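Novice: Pulled the feature table from Swiss-Prot, pasting it below:
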BINDING   C282, C289, C292, C298  [4Fe-4S] cluster binding site
COMPBIAS  43-55  compositional bias 'Basic residues'
DOMAIN    191-215  domain 'HhH'
MOD_RES   S63  phosphoserine
MOD_RES   S65  phosphoserine
MOTIF     28-52  motif 'Bipartite nuclear localization signal'
SITE      D231  site 'Important for catalytic activity'
TRANSIT   1-22  transit peptide
Amino acid sequence: MTALSARMLTRSRSLGPGAGPRGCREEPGPLRRREAAAEARKSHSPVKRPRKAQRLRVAYEGSDSEKGEGAEPLKVPVWEPQDWQQQLVNIRAMRNKKDAPVDHLGTEHCYDSSAPPKVRRYQVLLSLMLSSQTKDQVTAGAMQRLRARGLTVDSILQTDDATLGKLIYPVGFWRSKVKYIKQTSAILQQHYGGDIPASVAELVALPGVGPKMAHLAMAVAWGTVSGIAVDTHVHRIANRLRWTKKATKSPEETRAALEEWLPRELWHEINGLLVGFGQQTCLPVHPRCHACLNQALCPAAQGL
């Protein structure tokens, strides 16, 4: 055997089976075998797909050609009470006579309609300040006594506290209200020229004026619907009818909950409607469920 043949034979043996003139595959070594096994395991492991981002559907006003850029998204309520529309129809039917105290003695009926606009607005605000924790009949009586003396910012500031107290008694918390009325009247004279503020934020900054009063003042005095005026009647009835997504503990919580779903065109009506309903039918104690058209629709009817 020649030296060349010997070298070829030795090289062929070192390459192993499959070597030769066409032999270009080597038997995989230990490292290659481990890599191949790892690749095989990867190929059989579950593939993790990237999560798809959730898409929110938004409705737009206008025609199809107007959808997209520049279109304003519609606000669609995510929750509303069950049967609320039928309940509202029934309450309107029960209130169609408009013979509750609020219908004749409420804020809309306490001011002098012949007085100048500025004076009318002041009288509206004053009647609201007196109405807190007070029946409509008592508030109306106090307003009549005040108007008989000429109810203006100047006349109130010229009236001593003792006399003012006698005029507004027996409204609830009359002593505190004497102080608040005097303080608020002084602010109106100094900063608003005897008129009342035209915004909720400025109204609630006045002594003795809360959110319910502010929203009613905006509606009655300025003709602007700024929010739902929620008193104890509206608060109680909204919770009994489950008109709030969860039970609320205060009128302000109730206002925020109602404004989330109740159509804005109903915001002003709902106060007088529910106040009268609460005065006549849905009473705080011993409500007259047997006479209520919503007895079968009211979640609280069975437990009262």
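Cβ coordinates come from backbone N, Cα and C, glycine included.
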Novice: Over the span of the domain 'HhH' (191-215), how high is the average pLDDT in this prediction?
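Specialist: That stretch averages a pLDDT of 99.
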Novice: Hey, which of the binding-site residues C292, C298 is the loneliest by Cβ count within 10 Å?
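Specialist: The binding-site residues C292, C298 were compared, and C292 has the fewest Cβ atoms within 10 Å.
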Novice: Based on DSSP, tally up the residues of the domain 'HhH' (191-215) by helix, strand and coil.
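Specialist: Secondary-structure breakdown of the domain 'HhH' (191-215): 11 helix, 0 strand, 14 coil.
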Novice: Taking 10 A as the limit, how many CB atoms besides its own sit near the CB of C289 ([4Fe-4S] cluster binding site)?
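Specialist: That number is 18.
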Novice: Take the C-alpha atoms of C289 ([4Fe-4S] cluster binding site) and D231 (site 'Important for catalytic activity') and report the distance between them in angstrom, rounded.
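Specialist: Approximately 21 Å lies between the Cα of C289 ([4Fe-4S] cluster binding site) and that of D231 (site 'Important for catalytic activity').
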Novice: Out of D231, C282, which of the recorded positions has the smallest number of neighbouring Cβ atoms within 10 Å?
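Specialist: Among the recorded positions D231, C282, the lowest count of other Cβ atoms within 10 Å belongs to D231.
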Novice: Tell me the Cα distance separating D231 (site 'Important for catalytic activity') from C292 ([4Fe-4S] cluster binding site), rounded to the nearest angstrom.
Specialist: 21
Novice: Take the C-alpha atoms of C282 ([4Fe-4S] cluster binding site) and D231 (site 'Important for catalytic activity') and report the distance between them in angstrom, rounded.
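Specialist: Here the two Cα atoms are 14 Å apart.
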Novice: Which whole-number value in Å describes the distance between the Cα atoms of C298 ([4Fe-4S] cluster binding site) and D231 (site 'Important for catalytic activity')?
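Specialist: Rounded to the nearest whole number, the Cα-Cα distance is 20 Å.
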